[in-house]
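Going by Swiss-Prot, these are the annotated features:
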type	residues	note
DOMAIN	41-157	domain 'MTTase N-terminal'
BINDING	50, 86, 120	[4Fe-4S] cluster 1 binding site
DOMAIN	180-416	domain 'Radical SAM core'
BINDING	194, 198, 201	[4Fe-4S] cluster 2 binding site
DOMAIN	419-486	domain 'TRAM'
């Protein structure tokens, strides 16, 4: 790919991972021809699911803007509406098709409008999406998000639906441009896919086997973000601490210590103030990663470590490859090296065959672990997973009752631990959004270095992306409050960009580093896509 920006020509090498066979079907339908469509078309991306989907949506937005589309103004109907979907839980099906039914009147009002469905649900359902929602124009999967502009053009030209699902990854998403959501915080993928075989999880069948990016490409993308003022980067992967086992570049040797080395290398990037990662797998979490976290100043004192169940018997049925003793041992090691680390987790309630004794084991581990936050899920059978056909599926009423007990326990723990932070000083990266009542109470919100959400009373010149220090005055289970005067306020480049309505647009990054550009958001009454609906995945 070759692209010129500001007089600089960028040559980007695309990593070829092999193109799987494409499953393509066509459904004839009436459309407005290309010649009748306006020259400058608008788009909106709606995201359902995990952080990987949020980052993929940044790529989709970058692709569309690179192809001449503009973000639709807030409240206006777009010419192209893209759904980036999730398939992890059962209600994902109902949510997608219910939403598609709701937007059909929009399509009826504007026959030239195009609707595209991508992501995990599209990868799973393929042409069934068009069967169930014939007004959909394009269906694309997790392996070929770069095909979206071409599929939209082809569908409009041929006046028929285009469904293209690849069986394996076409190219790393990093070779695509990205319209970043935030001026101060960014996602960077270290890998795609997953080699684990958890019996409840559909993700490996939809995302494929793990493929790891070259370290230099990851560092180049982080540097490109930091050069544009981004202060916080989160490294993304289905199992980040398996990084280095399956490099897509066959010339790179297998390296089980690669993730710890990557953390340390990110620590050398000047201007990167906060580094996070998600999600590791307890079975492969090693001491060298803990050491790298403790010894690299910009790595935040936060760890997301999925538990899923505290019962060793259920963990075995889940095919999780660790037991509760090992899990708690990891937490002990982390807290020994990083005493104030905030540890979060995922837990599934009601896995097939879970007895009251099994559930009590989960409660016991939660009590001992004292998570700062737990993303809890009621087990949802997914067709095609081993757990979906296991005997002894738990009645919904039983699952609900256990779920409520777990929530009550975790809220108590969070309330107790958060109260201990009252009176402490916390450094916050100010967010654009945070609390539902921020405007009503004249507050802003930010994240502490350990990831806790803090609502605070700002001075007049505080902007999203700035760094402030506050004194905690009160605590709730899910957030902290700082209602006193600011201890300190540091203006930042990210704050300047936020104030100007700007976010980075990073160029494709292959072997060489692309030169990032600056994307201008619409004014205050026009919010750029994508619009995200975040749902924790619970599949790590």
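Using the three backbone atoms N, Cα and C, a Cβ is placed for every residue, glycine included.
Small disclaimer: the values here were computed from a predicted structure and weren't measured.
Counting other C-beta atoms within 10 Å of each candidate's C-beta, the binding-site residues 120, 201 are led by 120.
Using a 10 Å Cβ-Cβ cutoff, residue 50 ([4Fe-4S] cluster 1 binding site) registers 24 neighbours. Note: the Cα of residue 194 ([4Fe-4S] cluster 2 binding site) and the Cα of residue 86 ([4Fe-4S] cluster 1 binding site) are spaced 16 Å from each other. Helix, strand and coil content of the domain 'MTTase N-terminal' (41-157), in residues and according to DSSP, is 59 helix, 25 strand, 33 coil. Residue 194 ([4Fe-4S] cluster 2 binding site) is surrounded by 23 other CB atoms, counting those within 10 A of its CB over all protein chains shown.
Classification of residue 198 ([4Fe-4S] cluster 2 binding site) by DSSP places it in coil, neither helical nor stranded. Cβ-based neighbour count (10 Å, all protein chains) for residue 198 ([4Fe-4S] cluster 2 binding site) stands at 22.
Averaged over the domain 'TRAM' (419-486), the predicted model reaches a pLDDT of 94. Residue 86 ([4Fe-4S] cluster 1 binding site) sits 12 Å from residue 201 ([4Fe-4S] cluster 2 binding site), taking the Cα positions as reference.
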